[in-house]
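Read the structure below first, then the notes.
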Amino acid sequence: MASATDSRYGQKESSDQNFDYMFKILIIGNSSVGKTSFLFRYADDSFTPAFVSTVGIDFKVKTIYRNDKRIKLQIWDTAGQERYRTITTAYYRGAMGFILMYDITNEESFNAVQDWSTQIKTYSWDNAQVLLVGNKCDMEDERVVSSERGRQLADHLGFEFFEASAKDNINVKQTFERLVDVICEKMSESLDTADPAVTGAKQGPQLTDQQAPPHQDCAC
Amino acid sequence: MAREVSLNSLQELEREVILQVLYRDQAVQNIEEERIRKLKTHLQHLRWKGAKSVSQEYRENSCARCHQELGLLLNRGAVCQGCSHRVCSECRVFLRKTRAWKCTVCFEDRNVKIKTGEWFFEERAKKFPTEGKHGTAGAKLLQSYQELSKISVVPPTPPPLSESQCSGSSHRLQELGQFKGFNKSVENLFLSVTTHMKKLSKSQNDMTSDKQLLATGPRQCASRTERRSQSDTAINVTTRKASAPDILKSLNQESPKRHTNPVLKQEDLSSRPTPSAVFSGGLRHASLISINSTCTEMGNFDNANVSGEIEFAIRYCFKTCSLEICIKACKNLAYGEEKKKKCNPYVKTYLLPDRSSQGKRKTGIQKNTVDPTFQETLKYEVEPAQLATRWLQVSVWHLGTLTRRVFLGEVTIPLATWDFEDSTTQCFCWYPLRAKAEKVDDSILPNNGELAVRAKLVFPAGPRKFQEALEGTDWPSPNGQLCLVVLGAKNLPVRSDGTLNSFVKGCLTLPDQHKLKLKSPVAKKQACPRWQHSFVFNGVSPSQLRQSSLELTVWDQAIFGVSDRLLGEARLGSKENVAGGRDMCSQSELQWQKVLSSPNLWTDMTLVLH
Ligand SMILES: Nc1nc2c(ncn2[C@@H]2O[C@H](COP(=O)(O)OP(=O)(O)OP(=O)(O)O)[C@@H](O)[C@H]2O)c(=O)[nH]1
Ligand SMILES: [Mg+2]
Ligand SMILES: [Zn+2]
Ligand SMILES: [Zn+2]
C-alpha cells in the first residue's frame with residue numbers, strides 16, 4: 001500500500017523550537033580563504049582538503065548553549081567570488097555579526113580586508129559586530145601575513161582578531177562563541193540596561209519595604 | 001556548440017543550488033516565526049491577566065499585576081516607569097546593577113524583544129528605516145524570483161509534518177505585500193536579481209578561458225550536494241528548472257502577473273502554501289483562557305458556586321526534567337457545604353490530557369477554612385518536548401464527610417506557550433478559579449491532536465478528461481485513484497509514560513455504502529508519530545468521491561490484549577455525515593474540495609482530531 005510514497009517524505013526536519021533566540025551570522029572574505037571549511041568544521045566537525053567554491057550563498061544552523069541560554073545560530077556562508085556579489089550583499093542587512101576572513105598564506109586576501117570592511121559599513125546596520133579571522137594558521141611555513149599585521153589591521157578597523165585553522169580545528173569554536181558574546185553585549189546595550197536574564201547574572205537587591213520575591217531560583 | 005550546452009546547464013545548476021538554499025532558509029524562517037508568535041502570545045497572556053481586573057473591579061489600591069491589595073502605609077506599591085501602573089513589590093523585577101525596576105509585564109515585554117530579535121530590527125531601522133522587519137533577503141529574493149519566472153519554479157515538497165510550510169510563509173508574503181515601499185524594494189531586487197542573472201550568463205560567456213571555473217562548475221554542484229547531505233540542515237528539494245531566457249523575457253513584459261498559462265497556473269496553486277495548512281495552528285495556543293475539562297470523576301462530586309482565587313507558581317528544571325507546581329494558598333473559596341459553612345479544601349493537579357491516576361497530584365487537606373495556606377510543591381517528571389503538549393489543570397476540592405467531594409473551582413494553563421526559562425513566569429501568581437462549564441466553546445476545547453495528511457486524486461492523463469473531472473461530469477469508467485499520505489500527528493492524548501504505539505485507519509465510504517478500509521503500520525513509542533504511509537483507494541470516480549466520506553481514525557495499539565484505544569477521528573467529505581459548526585473542519589472541508597477539484601495535484605491538509 002506504499003505505492004505513492006516518495007523518497008522526499010523521508011526528509012529530516014529541523015523544526016526544533018527549543019531555543020531562546022536566534023542570531024544570524026555572515027562569513028565573508030575572498031574566495032578560497034576557507035570560509036566554507038571554517039563553517040563545516042564548526043557545524044559538522046569535518047574538513048576536506050578539496051576546494052569546492054561556494055555557489056552564491058549557503059547556510060547552516062547550529063544551536064549552542066551560552067550564558068544559560070540556548071542560542072540558535074543561522075550561519076551564512078557566502079561565496080567569495082566577485083560574480084556573486086549582488087546576491088551575497090543582499091544578506092548583509094539580516095546579519096547581526098560578521099566573520100571577516102583572510103588566508104594567512106595569501107597576501108591578496110589580506111589586502112582585500114579593507115574592502116570587505118567597507119562593504120559591511122555600506123550594507124549592514126551600524127552596530128554590526130565583526131571578528132577578523134586569519135585562517136590556515138596551520139600552514140606556518142607558507143605564512144605571508146604575520147600575526148602582528150593582522151592584529152594591527154584589526155585594531156585599526158575596530159574588530160576583534162583571531163588566527164585560526166579550519167584544518168587543525170584551532171580557534172574555530174572560540175571565534176563563533178566570541179562573536180555570540182559580543183552580539184549579546186550589543187543587544188543588552190541597545191536595550192539600555194543590562195538584562196539579568198541575558199547576562200546570566202542574578203537580580204539585583206530588592207530595595208523595597210518587602211521581602212524579596214519568593215523562589216527566584218530553581219530548587220533543584 | 002557542445003560547450004554552450006554545458007554552460008547553460010552550469011547556469012541552471014547554479015540557480016538551482018541557490019534556490020535550494022533559499023527554500024531551506026524559508027523553512028527555518030517559518031519555524032522562527034512560529035516561535036515568535038508563541039512568545040508574543042505569552043506576553044499577551046500576561047497582559048491579559050493584568051488587564052482583567054482593571055476592567056472588572058478596578059481598585060486604586062490593588063497591584064495592577066497580581067491584584068493583591070496594597071496597604072496604606074506598608075507595601076503601598078509604586079508606579080512602574082514603563083506602563084505607569086501601580087504594582088506591589090513582588091511584581092517588580094530589578095535590572096542588574098541598578099535600582100531601576102520594571103513591572104513583570106514591562107520586563108516580559110523587554111524579554112520578548114530579546115527573544116524575538118526585535119531589538120535588532122529596531123536598531124537596524126535607525127539606518128534602514130524602510131526595511132521591513134521580517135522580510136529577509138532570502139524571502140525577497142525568492143519572491144522576486146518566483147514572480148520573475150512566474151512560478152515556473154516549484155518549491156520543495158514540504159517536509160513531512162508540513163510545519164515549515166505552515167501559515168508563516170504565506171503570512172509573511174502577505175505581510176511583505178502590505179509593507180509600504182515593498183514594491184519599490186522588490187523592483188530593486190528584480191533589477192538586482194536580473195542584472196545578477198545577466199551577469200552570471202555574461203560572465204560565463206566571457207569566462208570560457210577561465211579553466212578553473214569551468215572545471216569546478218558542474219562537479220562542484222554535485223559534490224556540494226554530497227557535502228550538504230551530511231549536515232543536519234539537509235533538506236532534499238525538488239526544483240523545476242527555469243531557464244534564464246524565461247526570466248529575462250518576463251522581465252521585459254510590463255506586468256509579469258498577466259502571464260497566464262493554464263498549466264502554470266495550476267502549478268502556481270499547488271506550489272503556494274495554503275494559508276489553512278497550519279499544522280500547529282492557532283487553535284491550541286490561542287486557548288489561553290481557562291479550559292474547562294471533563295473529569296474522570298464526572299458525576300461523582302458536587303458542585304459549589306465557584307468563587308475565589310488560587311496562588312501558585314510553576315517552575316521547570318531542564319536538568320532533572322521536573323515540573324514543580326508550588327501551591328501557596330487560596331482565598332475567598334466557596335464553602336464546600338454551604339449550609340454548614342464548612343470547607344476542607346485541598347488542591348489537585350493533572351497534566352492534561354493525561355487524566356489517569358498516575359498523573360494526579362494532591363496537596364494535603366486544610367481543615368475549616370476558605371482561605372487555606374498550603375505551601376506544598378507538587379512534582380512531575382516530564383520531558384521538555386512532552387511538556388509543550390500538556391495543559392496544567394489545577395483544581396480545588398472540598399473533602400466532606402463520608403469522603404464526599406465538592407468541586408470548588410479550577411484553573412487550566414496551556415503549557416505550550418509557557419516560558420519556563422523566564423524568571424517572571426516562575427513567580428507566584430493569583431489565578432481566578434473557574435467553574436466547569438456545561439457547554440464549552442468548541443474553539444477552546446482541547447482537541448485530540450492534529451493529523452497531517454496529503455491527498456491527491458489520480459486520473460489517467462488527458463486534458464479533456466481533466467476538464468470532465470473538474471466539471472463533475474461522471475467518469476466513464478471509475479478507474480481513478482485517491483492517494484492519501486498520512487504524514488504524522490501531533491498533540492495526541494498520550495499514555496501516562498508520554499508515548500504511543502499509534503496507527504491510522506482510513507475508511508472511505510462510497511455512496512452505495514460500500515466501504516474501503518486501509519490501515520497504516522504502527523509507529524512505536526512515539527508521542528508525535530510519523531507514519532508517512534500511503535493509502536491508495538482504487539477505482540473511484542470524482543462524482544463518486546463527491547458523495548463519499550473519508551474517515552480517518554488514530555488508534556493506540558492495545559498493550560495486553562485490551563482493545564485498541566481510539567485517540568481521535570477526522571472526517572472529510574459528504575456533508576451529511578459531518579457535524580456542523582466545527583471551525584477547523586470547515587477549513588479542512590475547503591481543502592478537501594480542493595483535492596477533489598484539482599486532480600493530479602497534491603494538497604496538504606491538517607485535520608483536527610475529535
Ligand atoms: N591548510 C589549510 N587549508 C585550508 C584551511 N581552511 C580551508 N583550507 C583549504 O582551502 C581551500 C578553500 O577552502 P573553502 O573553505 O572552500 O574556501 P571559501 O572561502 O569557502 O571559498 P569560496 O567559497 O570560493 O568563497 C580548500 O582546499 C580547503 O581545504 C585551513 O585552515 N588550513
Ligand atoms: Mg565557500
Ligand atoms: Zn503585585
Ligand atoms: Zn510596567
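Cβ atoms are placed via backbone N, Cα and C, with glycine included.
Among the features that Swiss-Prot reports, GTP binding site is placed at A:31-37, A:48-49, A:53-54, A:G80, A:135-136, A:D138, A:166-167, with the record citing experimental evidence. Residues annotated as Mg(2+) binding site in Swiss-Prot: A:T36, A:T54, A:D77. Annotated S-geranylgeranyl cysteine per Swiss-Prot: A:C218, A:C220, in sequence order. Under the heading phosphothreonine, Swiss-Prot lists A:T86, citing similarity to another entry as support. Marked as phosphoserine by Swiss-Prot: A:S188, A:S190. What Swiss-Prot lists as cysteine methyl ester is A:C220, and the listing cites similarity to another entry. The feature region 'Disordered' is assigned by Swiss-Prot to A:194-220. Annotation source Swiss-Prot lists motif 'Switch 1' at A:49-58. Annotation source Swiss-Prot lists motif 'Switch 2' at A:80-96, citing experimental evidence.
On the structure: features taken from Swiss-Prot.
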| residue | record | contacts (Cβ under 8 Å, 6+ apart) |
| --- | --- | --- |
| A:S31 | GTP binding site | A:S53, A:A79, A:G80, A:Q81 |
| A:G34 | GTP binding site | A:M101, A:D103, A:N135, A:K136, A:A166 |
| A:T36 | Mg(2+) binding site | A:V52, A:T54, A:D58, A:D77 |
| A:T86 | phosphothreonine | none |
| A:S190 | phosphoserine | A:N127 |
Response to the item:
the motif 'Switch 1' (A:49-58) resolves under DSSP into 0 helix, 2 strand, 8 coil
Worksheet, complete the sentence: Among recorded positions A:T36, A:T86, A:S188, A:S190, close to ligand 1 by Cβ (under 6 Å) are A:T36
Worksheet item: Listed in sequence order, which of the recorded positions A:S37, A:S53, A:T86, A:N135 sit with a CB under 8 A of chain B?
Response: A:S53, A:T86
Worksheet entry | Where A:S31 (GTP binding site) falls in three-state DSSP terms | coil
Discussion item. Return only the integer: C-alpha distance in Å from A:S188 (phosphoserine) to A:S37 (GTP binding site).
Written reply: 32
Worksheet, complete the sentence: If one takes Cβ-Cβ under 8 Å and requires six or more residues beyond its ends, the residues near the motif 'Switch 2' (A:80-96) are 23-26, 28-33, 35, 53-57, 119-120, 123-125, 128-129, 183, 186
Discussion item. What's the number of neighbouring CB atoms sitting within 10 A of the CB on A:A166 (GTP binding site)?
Written reply: 26
Worksheet item: ligand 2: which of the recorded positions A:G34, A:T36, A:T54, A:N135, A:S190 have a Cβ closer than 6 angstroms to it?
Response: A:T36, A:T54
Fill in: Residues near A:S37 (GTP binding site) in space but at least six apart in sequence (CB under 8 A)
A:F47, A:T48, A:N135, A:A166, A:K167
Worksheet item: Mind checking how the motif 'Switch 2' (A:80-96) divides into helix, strand and coil residues in DSSP?
Response: 12 helix, 0 strand, 5 coil
Item to complete: Going by DSSP, give the three-state secondary structure for A:S37 (GTP binding site).
Response: helix
Discussion item. Using a 10 Å cut-off on Cβ-Cβ distances across all protein chains shown, tell me which of the binding-site residues (A:S53, A:T54, A:N135) has the largest neighbour count.
Written reply: A:N135
Worksheet item: What three-state class does DSSP give A:N135 (GTP binding site)?
Response: strand
Item to complete: Using all protein chains shown, find which of the recorded positions A:D77, A:S188 scores highest when you count other CB atoms within 10 A of its CB.
Response: A:D77
